[in-house]
Amino acid sequence: MSKTLNIIWQYLRAFVLIYACLYAGIFIASLLPVTIPGSIIGMLILFVLLALQILPAKWVNPGCYVLIRYMALLFVPIGVGVMQYFDLLRAQFGPVVVSCAISTLVVFLVVSWSSQLVHGERKVVGQKGSEE
């Protein structure tokens, strides 16, 4: 019985912490003058708490495993909601594809540029002919 209560406590604690960060993000988003989704702010709060080791990762792991395991199921309502606008999407298929392609290219270029900026040019160990 004690082991069962311990497992229930771990899952309950994980979900309470994840939802606390989510609702803190929603609250902060309601105070901001710009529109930023509260879920994004909540994820950033959770990330900062984990990165600064204020919140031990083992406290949120059980809840994260459950959410990741059933993530595909959580996208079903979104897919059904998008299908309500199928005619609009079909009419605007060209611009949607072009904007997706352009935004993918822009993201690729920005990530490659920022990676080059952060990491710089590095000498490959064992590379011949690069000793100057």
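Even glycines carry a Cβ here, placed using N, Cα and C.
Taking Cβ pairs closer than 8 Å, the topological domain 'Periplasmic' (1-6) reaches no residue in its own chain that is 6 or more past its ends. The annotation topological domain 'Periplasmic' is assigned in Swiss-Prot to 1-6 (among others).
Away from its own ends, the transmembrane segment (7-27) comes close to residues 38-46, 49, 55, 59-64, 66-67 of its chain (Cβ-Cβ under 8 Å, at least six residues beyond either end). Sequence annotations record features per position, and here Swiss-Prot assigns transmembrane segment to 7-27 (among others).
For the transmembrane segment (31-51), the residues of the chain that approach it from at least six positions outside its boundaries are 17-18, 21-25, 57, 60, judged by C-beta separation under 8 angstroms. Feature annotation from Swiss-Prot assigns transmembrane segment to 31-51 (among others).
A Cβ distance under 8 Å defines the sequence-distant neighbours of the topological domain 'Periplasmic' (52-62), meaning residues of its chain 6+ beyond its ends; these are 10-11, 13-14, 17-18, 46. According to Swiss-Prot, the feature topological domain 'Periplasmic' maps to 52-62 (among others).
Within the chain, the transmembrane segment (63-83) has long-range Cβ neighbours (under 8 A, six or more residues past its boundaries) at 11, 14-15, 17-18, 89. According to Swiss-Prot, the transmembrane segment annotation covers 63-83 (among others), on the basis of sequence analysis.
Restricting the average to the topological domain 'Cytoplasmic' (84-92) gives a pLDDT of 90. Marked as topological domain 'Cytoplasmic' by Swiss-Prot: 84-92.
According to Swiss-Prot, the feature transmembrane segment maps to 93-113 (among others). Away from its own ends, the transmembrane segment (93-113) comes close to no residue of its chain (no Cβ-Cβ distance under 8 Å at least six residues beyond either end).
Residues or ranges marked as topological domain 'Periplasmic' in Swiss-Prot: 114-132 (among others).
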